[in-house]
Every structure is written in C-alpha cells, then in structure tokens.
Amino acid sequence: MPVRRGHVAPQNTFLDTIIRKFEGQSRKFIIANARVENCAVIYCNDGFCELCGYSRAEVMQRPCTCDFLHGPRTQRRAAAQIAQALLGAEERKVEIAFYRKDGSCFLCLVDVVPVKNEDGAVIMFILNFEVVMEKDMVGSPAHDTNHRGPPTSWLAPGRAKTFRLKLPALLALTARESSVRSGGAGGAGAPGAVVVDVDLTPAAPSSESLALDEVTAMDNHVAGLGPAEERRALVGPGSPPRSAPGQLPSPRAHSLNPDASGSSCSLARTRSRESCASVRRASSADDIEAMRAGVLPPPPRHASTGAMHPLRSGLLNSTSDSDLVRYRTISKIPQITLNFVDLKGDPFLASPTSDREIIAPKIKERTHNVTEKVTQVLSLGADVLPEYKLQAPRIHRWTILHYSPFKAVWDWLILLLVIYTAVFTPYSAAFLLKETEEGPPATECGYACQPLAVVDLIVDIMFIVDILINFRTTYVNANEEVVSHPGRIAVHYFKGWFLIDMVAAIPFDLLIFGSGSEELIGLLKTARLLRLVRVARKLDRYSEYGAAVLFLLMCTFALIAHWLACIWYAIGNMEQPHMDSRIGWLHNLGDQIGKPYNSSGLGGPSIKDKYVTALYFTFSSLTSVGFGNVSPNTNSEKIFSICVMLIGSLMYASIFGNVSAIIQRLYSGTARYHTQMLRVREFIRFHQIPNPLRQRLEEYFQHAWSYTNGIDMNAVLKGFPECLQADICLHLNRSLLQHCKPFRGATKGCLRALAMKFKTTHAPPGDTLVHAGDLLTALYFISRGSIEILRGDVVVAILGKNDIFGEPLNLYARPGKSNGDVRALTYCDLHKIHRDDLLEVLDMYPEFSDHFWSSLEITFNLRDTNMIPGSPGSTELEGGFSRQRKRKLSFRRRTDKDTEQPGEVSALGPGRAGAGPSSRGRPGGPWGESPSSGPSSPESSEDEGPGRSSSPLRLVPFSSPRPPGEPPGGEPLMEDCEKSSDTCNPLSGAFSGVSNIFSFWGDSRGRQYQELPRCPAPTPSLLNIPLSSPGRRPRGDVESRLDALQRQLNRLETRLSADMATVLQLLQRQMTLVPPAYSAVTTPGPGPTSTSPLLPVSPLPTLTLDSLSQVSQFMACEELPPGAPELPQEGPTRRLSLPGQLGALTSQPLHRHGSDPGS
C-alpha cells in the first residue's frame, strides 16, 4: 500500500479544536454567528445544557444574549453589557444572574470572546459561562441594587421598573460640566459615547449608583412625563424645559432604514407594553451632557422625521481634533444604551417583547486580534483561537512531512546504507579483523590503510543525521491526523524506534579506538544490524508489487547465506590455531588449492578464497544440494552444518515451495485496490473530469480504501445468515444504539431490525452531504467529526458528535426538501437510516414507536417550510403502496405537536388546508381552479396532506379563530352551490356516495397543501375547515349553517341503519349482476322481480330529500378528482334529479358515485 498520508485535505477544525481545549476543563460555552440576526446560537456543548437545563435542540437558533435565561433578578446593566460586547471585537467579562429551566437562579460570569475568519473579521462569538454562586445563597432582592426588575410576565399592571446603573466615572466629570456644556453647541459627540434612555421609577439614592430619568410608564399617558417635582429634582434649576417627546426624531430609525425618510416613527419618553429594547449610539454632544445631568437633551423646536436637525448632522459628521480633545474624557463612560422606543408606527422596526432583537450597527471594524488575555482565560494554549475556515493541517517551521519527496529520497538513501551495513559489518567482523591485526597499525598509515573505516565513519554520520531528521518528521496518529508539533514528534519517537536507531548509530570503533581489543570492536559492530529493523517495518510499503516481493525474498535468502558464511569462516578460523590435527575445513581448502598453513599458523588461502568457499557451502546447505567437496569435519563444524540444514529446509519449503501462494496472498488486497483504482482513472479519463474534481475523487477513494481496507461490508454480510447479519450490524452500530436517547428502551429484536437498516457514511472535509432543495429521504446521526449547515453563505448551525439532523418523519407523510446545504468540516462518520426503512421498523414495533417519536430530538430540522411539497410533479416520487403505508403510519403516530407548530398542518383531520396567505385571495386555488368546480387527481387527494385517512371522522364544533366576516374557505357556500348545481342529485348522493358527506369536511383543494409556513393562528387538532376569500359571509351566518348541518347529520344517523338495510335487501334480491359502467357488456333489462322490492321504498326518497336538502347542496359543490371524467353537459346524465316521482327509478339501474371511473 502507499505511504499512509493521514488526513491531509483542508479541514475546518474549529469545533474540534474548541472541544479538545475545553473537554478537560468542564467548560460551559456556546458559539454564536455574528453575521445573522440576533447572533443566533449555532452550537452549545453538553456542559451548557446541563447548566441551564435546556436540551441542545431548545437552545439552537436562540439569541446568544440568552434572553430565555433571564428572570426577575437578571440585571439590565449586565444584559446590556453582553449586548454591547456582541457589537465590538474585544473580549469582555460580565457577571449576571440567570435562571435555569426549573426556575432556580444562579450567578454566572459570562466571557464573550470574538472569533475571526481568514480576513480578520469577527464572524462568531464564543460565550463561556462560569457559575460564581447559586443565587439562592444571596440575600434578599432589596440588596441587589443592580438586579433587573420583574419582566412583563411577572410584573403587575401599573408597576414600573427600577434601573440603577453604577457609573463611578461620572463623578469625576462634574467639575468639567460647565466647560463641556458651553462647548456642546459646536462640538461633536465622542465616538465612544452612548446615551442611556430607560424607564425608571424613583429609587433610594446610592453613593455608587446614578438614578437616570426616573419616570412611571402609563399606557394612556401620551406625554410620559413624571410629576413636575420629580423632574425638577432630577434636572435641576436652570435646565431648559422639555418639550413633547413626540417631537424628538429617531436617529436610530434613520440609521437602520435610510430610505424611510417619511417614517412617522419617533422617540417616546414612555415605554408601552409593546415596546422593545434596543441599542443606539449618541447622536450629539447634547446627549452626552444630558446623560451626565440625568436627563435627555431638549429636542429642537422644529423637529422633522424626514431629516435630522442641522446641528445634529454637523455634530455627527464632525471629526476635528479639537472636538475629540474636548470630549476625550467622555469616552470613559460605559458604552451602554437602553432605549425603549415605541416602534408601533414602523412595521420594519417593530418587535415583540418576547423576542428582543439586538440591532448591531457598525461601530468599528471588527478586525482586532484576539488578545493574549483571552487566550489565558480560555486556556487555549499556543494555538489561540482557531479560525473558522477550511485550512490545511498546520505544519510547524523546519518540520518535514513524512510523505514529502525529500523524505522519500532520504529513506531510499538510508535503505542503501542499511544494506551496506548488513553486508559489510559481519564481513569485516569475521574476515578483516584478523588481517588488521597482522597488518601495520592504523596510527602509522591512518585511514589510507583502512578505506572501509572511512566508509563506516560516513555511514555512522548519516545514521546520526537520520536520527535528527526523525525528530522533525511528522507522523500520523491514531485519529488519522498529521502531527507536526516538535514536542509530540519527539515523544512519539522516544516511545518508538529511538533506542534501536541510537544503538545502531554509535561509532564503537571510535569510542574504543586504541584499546587494542579488536575482538570486542568486531562484536559491538554487529549492533549495526539493528538497522535492519527499519527495513522490516517498511517492507509492507513495497510488498504490493509482485516483482518487489520476489526481489525481497531473494535478497533475504542471499543475506542469510552471507551471514552464515561469515559464521562458518569464523568457526574454522577460531579452531585453526589450536588444532593439532589438520582436519578443519580451512586446512582441507589450503591443501586442495595448494596454499597450506605452515607450522606457525601463517599462510593459507587468501581472504577471497575463504569467503567464496564459505558462501558456496552455505548456499549448497540451504538449498539441500550438498556436493561434499566442502565438508564439516570437527564437531563445531558439524553442529553448525545441522543448524544450516534446518534453516535451509524451512526457507526452501516456505519461500521457494510457495512463491505463488505468497504472491497471491500478498496481492489479494492490492490487486483489488489497483483494479478499482484503474476503473476510477478510466472513468475520469473517459468523462474528462476536471482537475479539482479529479483530485477530490482520487483522494476520497484512497482514504475510503484505507478506512475500510478494501472490504465490502455488504458482500461480506451476504455470505452469513440473517440472524448473524443482525448480530454483526448490532455490533457495528452499538455505540449509536446504546448512547442515543431515542433507542433506549427498545427490545433486542427492535434494535436488531434497526441495526440492519442503518448505513454508515464517511465524508471527507468539504464534501456536501445534502444540498439545498434535495429531498430529505433519510435521518442522519453524527458519530464522529463536525459538519456545518449553510443557507446561502451564512452558517446557521455547527453540529458535532451525537447530533441529529434531518426532518421529523412522524409529522409529514411525504419527504420534504432541504432548506440548506450540509457540508462536512472534518472527516465525518455518519449513521443514516432511510425514512421508509425507519417507518417500516416502527410499524413492526408499535409499542416502541411512541417512545421513539417522543424522545427523538432533532438538533437541526432541515425541512423547508417555505416550499409546498404537494406540487403536481412530486406525485411520481412515491409508489402507491408506499403512499398508503406512510399515510397509515403517519396517522397512527400523530401527536398534538402539530397544532403547536405554526406553519405545519394538523395531521389528524383530513381537511387541513388553513386559510394561509398561499390559499387566500387567489381564485381557483393553487392550480387555477374555480372555487366551485375543477377536478383533482386521485393521487393528490390521497396523500397530499401530512396525514390522510379514509376512515370517517367524528365532528366537533369548529373553534378556530377567524377574522370577522370571513366564511370557511376551500368549499363553496350554499348560494354558489345553488348557482352551479344543475347536475346535483341528492338521492344518488345519499345512496351511492355516503362518504361524500364526510368528504365535505376534507376539501380536496385544501389537501394540496402539506404545510403552511408562518401561519398566524394555530391549526385545529381534529377539524380544520379551510377559509375562503374574506368578506363573502359573516361569521354568524356560517356558524348557523354549521349548526343546521350538524342537526341534519344527526337525523341522518337515525335513519342510516334503515336505509342501509333496504339497500342490502335490494342487492340480495337482484338476480342478475350489473356490470360496471365502463364495461362493454350491456346491462340487461330489469326483470319482473326487480320492481316489487322498490314499491315499499316509495316514501324513502321524499324523506331523504327533506332531510338532506342542505347536505345535497354541499355535496353538489364538492370537487371531483382530476382523474375522473367530467360529467356530460348535454344528453342523459347518470345522476337523475328525480323531481318528486319514483317511477323512473324502477327502470333505471343503480348508479355509482361520481368518483367511480365509469360514472
């Protein structure tokens, strides 16, 4: 296999880095997007969920100011500081009191930290929460002077709020008040100054707090000013009188909506119950002066909403140095503004009190770097905060990538040096040491007499350099990440091959030089053979090619023979001087070649003769082909020969006897890899895939192959029985099924069935899993990595491990479309299950179904509620059987949650097309049909809604709120029916279409809408009559008609049993079968027996017509399915009007309902 490169594709490791830094510190934090409205929360960790008691699904997309944690003791000043911190680009800490979901209060230290992208702009905020103390331990609220008063939900009518702001810096400015006020007319407002404009009630003065403009809010008090005494006490003598607050222009409105010059929005001194909190800048120096004095500046005499006062405009646009110097001290004032403005006049600025938005104007460019203080606070180490972008793995300076070309060349060089060491180290230790002792000393001729010593010295130097390079070479950890940190590389190398490499690189001949013990040097030199371990650990890199495998096998055989030849010569050389009888193999060799040893032991064959003869003996012994010309004679030689024969037989049998088997075994996975890779490259070449896409394709294939090792799990599982397959799938998905809350409590059989349906998906960084507009056919569970969800270019959520995304399958009978793109930030592993498979399993285990849907919390709902899935082209996406099964399942699993979600249609009643904007004001419905006619297709009538059932519904009084004078829409009214009821037949409708009485409540045109987004009124749970265009009938008239219809239906129920009994009697006595209306067989004439049963029924039509006078009118207006043929306008009709006499009924066959294909 190729070199394991690890995860080298650019990844967005923002979430992983934050979690890794915080996981050991018990941090509680959320991440918010600074580029969306309200700085919505896009991620929260488990610690924050445990702290506040809310689940992750409840926190996502909420404002990061945590308004849902506010309570009676939450300080307004602290909340305003958090809001202002979100406007800037610097870190800030705020201490604030929050409330958990259970109502308990705690004091929390919030640390707001900005996060930048590659351009240096702040795109996100990290809010870290640290619990200081539980609020229950604090004293009574009377001592909490900075705590916020009760909100609207806890505040009794007429009770005002108290807001005291600690501004000690204002005390130092009192001495300069006159100078600043004198220059207020021509100066400019300080850039950092703000105005505090709040509703206050009189409170006890404090040495450190400043009561600002305390007034009482009254709903019917237009002026909004408190008593004159209070104003004089606050403003002081000499202050100019205030004019009506309605004359004060709103600079905030102009800054937010420059085009709305004609807006009538103005600042008000009082705060009504519908007003909202906002943040605004100071518009002039007068505002700053008034803030110091505790009042607002006097408004201009001629205020205009179309343009600002010239003086204000001049002050805003002034940038002179004198103005900045004049007000340099005002920047010390905390930048906090609470401006309660009555915005009811401008719908663009209107906001409900329950959802307080933070409107963040551009104060300054958010390009400040994260300070070192932030790094220390969050304990992020040297990495500071990661940037939110796709970035390649960070490589430290002077670090070598383990897959770089330089490293590859260096490894080949080291391999050659290792081979040299493996060959010459045993040779020099066995053959050359004796010659060195007999030759001249090295001190006289130096390295000129020993050329191999120079080479050995160079090899030792290269090995030492290789050790240094290994300290700077990256590696791949267990998480498939490339590690480039020098410290971690050193620790990894110390734990691995450092000891072996160090021992093999020690130059023992230099350390023991001059000691005279050449035998010891020769033995220590054999430690260099440990370098062969480097070759052994890299053999798998070259074992995928057949030629390389054969070459390595032959080299291994020759190297072992070389080592054995050196040992064979060492044995004979050791025994030769001490042997009296000349029987050793060296003596025999000398006698054979004519170079015998003399009596002193000198002479004999040359080194070349000795080595070649020894190598010849070992090869012949290893291959079991001994010719006997070189034979062992001494006991030592014979024992060694036995060992060589054993080794030879083992090598011969295992290598040469099974070369083909070894190659096939080594090539089994490699051959499949290259075959598949060849197919991929042929596909790329044939379709001319562009370069970037080609690289992504090859990179994914290589990583997927290394991830699965080329194993096709489906092919492997197919060879096992289903019970074993279920056990294997249960083991592979055990982490998800054991730790995911919705699967807890499921039986073993249910878990096995679910495990069989799950599929594992592996996604590289940058890969898009779901595109905007794609059908949501599966539910995804993240098991590793992190993903981001984008709407356009805006990140709306970041999901990590154990998060779930998709759509709530139990609320919709048909798959919806995605409202955003889902893109992987890192290498991700996801478990997905298709909606059909999940619904099928839950259908088999209905006792587990309710628990699953109630405990399933989808972290992010991808369903696009702004689109209408029930379009004509979407009918072909599902088969008839799956539609019926999904409709049945959706009915059985309906919950009351449908009525609580605006924009979703109730799943219990068949008529769920509410009077939304999409169905109102357009004649003819969504497909251009008239209100009183226009057929619709049977497919759309069956499964257009989230839940559709053919079973009759029990009728309940209609209580959905409707505008006055607006009748129920979707069905024509009675006078419309009278105008177009030429073909209406009450009798045939009563007999052959009793179900039409109930289908009146479920309009076919209403079922074309699966959901209505942003519906202002909740949808009824059981009965939802669609609303038509407004102004056609008053509400009282419609309700009276509904009551009359209810009474008629009650009468019908009393006669239904008798009528059905009569019909059954007619069918039983009919002797001949009546063919279908669309059949080619002619209907035989009625026999004489067919007229007698009809005589007793003569009074029945009259009674039925009387009892169904109004019902028939509604039935006549009901639309036919689009697949049914239209009724003929001329000629005989199948539905007889029967204007009072029943004689014709005896000669006419029974007719079918209008929905029958032949009617």
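Note: Cβ is positioned from N, Cα and C throughout, glycine not excepted.
Per Swiss-Prot, these features apply:
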type	residues	note
TOPO_DOM	1-403	topological domain 'Cytoplasmic'
MOD_RES	S239	phosphoserine
MOD_RES	S243	phosphoserine
COMPBIAS	258-269	compositional bias 'Polar residues'
MOD_RES	S283	phosphoserine
MOD_RES	S284	phosphoserine
MOD_RES	S320	phosphoserine
MOD_RES	S351	phosphoserine
TOPO_DOM	425-450	topological domain 'Extracellular'
TOPO_DOM	472-495	topological domain 'Cytoplasmic'
TOPO_DOM	517-520	topological domain 'Extracellular'
TOPO_DOM	542-547	topological domain 'Cytoplasmic'
TOPO_DOM	569-611	topological domain 'Extracellular'
INTRAMEM	612-632	intramembrane segment
MOTIF	624-629	motif 'Selectivity filter'
TOPO_DOM	633-638	topological domain 'Extracellular'
TOPO_DOM	660-1159	topological domain 'Cytoplasmic'
MOD_RES	S871	phosphoserine
MOD_RES	S874	phosphoserine
COMPBIAS	883-892	compositional bias 'Basic residues'
COMPBIAS	928-939	compositional bias 'Low complexity'
COMPBIAS	960-970	compositional bias 'Pro residues'
MOD_RES	R1014	omega-N-methylarginine
MOD_RES	S1137	phosphoserine
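With DSSP states grouped into helix (H, G, I), strand (E, B) and coil, the topological domain 'Cytoplasmic' (472-495) comes out at 10 helix, 6 strand, 8 coil. Same-chain residues lying 6 or more positions outside the topological domain 'Extracellular' (569-611) and placing a CB less than 8 Å from one of its CB atoms are 427, 430-432, 434-435, 617, 630-634, 636-637, 640.
Away from its own ends, the topological domain 'Extracellular' (633-638) comes close to residues 568, 571-572, 575, 579, 583-585, 588 of its chain (Cβ-Cβ under 8 Å, at least six residues beyond either end). Secondary structure by DSSP for the topological domain 'Extracellular' (569-611): 21 helix, 2 strand, 20 coil.
Across the residues of the topological domain 'Extracellular' (517-520), the predicted structure has a mean pLDDT of 63.
Helix, strand and coil residue tallies for the motif 'Selectivity filter' (624-629), in that order: 0 helix, 0 strand, 6 coil [DSSP].
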